[in-house]
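Here's the structure, in structure tokens; my notes come after.
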Amino acid sequence: MSKISVIGAGAVGAATAFTLSQESWVNEVALIDINERKATGEALDIMHGMPLNQPINVISGDYSMSANSDVVVITVGVPEVVGESRLVPLQKNTQILESIIPQILKYSPDTILLVVSNPVDLLTYITYQVSGLPQERVIGLGTMLDTSRLRYLLSRDLKVSAENISSFVVGEHGDSQVVLWSKTNVAGLSVEEYAQLNDIKLEDDYFKKLEDEVRQTAFDVWEMKGPNAFCVATAISRVAKAIIRDESVILPVSSMTTTASGEEIYISLPNLINRQGSHDALKMPMNEDEAAKLTHSKEMLKDLSNQIKFGGSN
């Protein structure tokens, strides 16, 4: 029997609860929100379709309903506002995490926490600090979605299934993210080799444009429809599945690492994911440019994390 709780019944939380409800490896989903009526409505909406699909229990209520969860997905948070310092929502979200994490662990002390709220790398580090859990049991969704977007865009341009494309986006889930082009391949061929063999013309600045598109596409979707929800829910489901089914699969999630000066930080790297959580980050060789960009990403995140105040201080 597997149980996953989703904290937050907004667009992402509701989409996640629905996506998980369609999976055969999930037996129960708990949807928790400060607005219990909203969470109950979302749960009922899902359950009313259950007789047409597979037997699963989707429940809602206070934190006691999340008891004995194998994985708890955290989607709550104050969004960033254009033109506002990142520290403003970051500080507010820190206070939210400080209030909800003790309630989560009260009912599920052995759970694995999967943080989705943005800025995800910083909030995952805060979750680690507040929870006191071993680092392998605190995971951020990280660059899972960035990597998926990259593979989708390469698939579109190269006219080949994304299943044949291996690539990773690492670093911050944000502007300083790094595409590991040196490790990207299409059925064992470099992007350039595959394009040449299939008479596909790539622009001179193709790789730079694609990196920019990976960063920009979430904002484009937001302008069209509001929150990116279904793709995020799919990424969450993939990580949760790797945990529940003890897959020992490599995924680009946000996990503990260190800066050049030895300071702890959460950032996305290819990690082994199984029933124990996230561990054994893959030490992937990078070229000089990629390594320098990743170092910059680490230092930027550490600078921001050093400005976070804990314990409700102002």
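Cβ from N, Cα, C; glycine included.
Please treat TrEMBL annotations as automatic predictions, because they have not gone through curation.
Pulled from TrEMBL:
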DOMAIN    3-140  domain 'Lactate/malate dehydrogenase N-terminal'
BINDING   8-13, Asp33, Lys38, Tyr63, 77-78, Asn93, Ser99, 116-118  NAD(+) binding site
BINDING   Arg86, Asn118, Pro119, Val120, Asp121, Asp146, Thr147, Ser148, Arg149  substrate binding site
DOMAIN    143-307  domain 'Lactate/malate dehydrogenase C-terminal'
ACT_SITE  His173  active site, proton acceptor
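Known features from TrEMBL, placed on the structure.
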residue : record                 : DSSP class
Gly8    : NAD(+) binding site    : coil
Asp33   : NAD(+) binding site    : coil
Val78   : NAD(+) binding site    : coil
Ser99   : NAD(+) binding site    : helix
Ser117  : NAD(+) binding site    : coil
Thr147  : substrate binding site : helix
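Taking CA atoms as the reference points, Thr147 (substrate binding site) and the residue listed as 'active site, proton acceptor' are 10 Å apart. Straight-line distance linking the Cα atoms of Asp121 (substrate binding site) and Tyr63 (NAD(+) binding site), rounded to a whole number, equals 25 Å. Considering only the binding-site residues Val12, Val78, the Cβ with the fewest other Cβ atoms within 10 Å is that of Val78.
Cβ neighbours within 10 Å of Pro119 (substrate binding site), excluding its own Cβ and spanning all shown chains: 21. The binding-site residues in question are Asp33, Asp121, and the one with the fewest Cβ neighbours inside 10 Å is Asp33.
When other Cβ atoms within 10 Å of the Cβ of Ser117 (NAD(+) binding site) are tallied across all protein chains shown, the result is 26. Summarising model confidence by region, the domain 'Lactate/malate dehydrogenase C-terminal' (143-307) averages a pLDDT of 94. Looking only at the binding-site residues Gly8, Gly10, the densest Cβ neighbourhood within 10 Å occurs at Gly8. In the domain 'Lactate/malate dehydrogenase N-terminal' (3-140), the DSSP tally of helix, strand and coil residues is 66 helix, 26 strand, 46 coil. DSSP assigns the residue listed as 'active site, proton acceptor' to coil, not to a helix or a strand. The highest number of surrounding Cβ atoms within 10 Å, among the binding-site residues Ser99, Thr147, is found at Thr147. Taking a C-beta cut-off of under 8 angstroms and a sequence separation of 6 or more, His173 (active site, proton acceptor) has the following same-chain neighbours: Asn118, Pro119, Val120, Asp121, Gly140, Leu141, Gly142, Thr143, Leu145, Asp146, Ser254, Ser268. Taking Cβ-Cβ distances under 8 Å and a sequence gap of 6 or more within the same chain, the neighbours of Tyr63 (NAD(+) binding site) are Ile32, Ile100, Gln103, Ile104, Lys106, Tyr107. Arg149 (substrate binding site) has a Cβ environment of 21 other Cβ atoms inside 10 Å. Note on proximity: among Gly8, Gly10, Val12, the binding-site residues of the record, the Cα nearest Arg149 (substrate binding site) is that of Val12.
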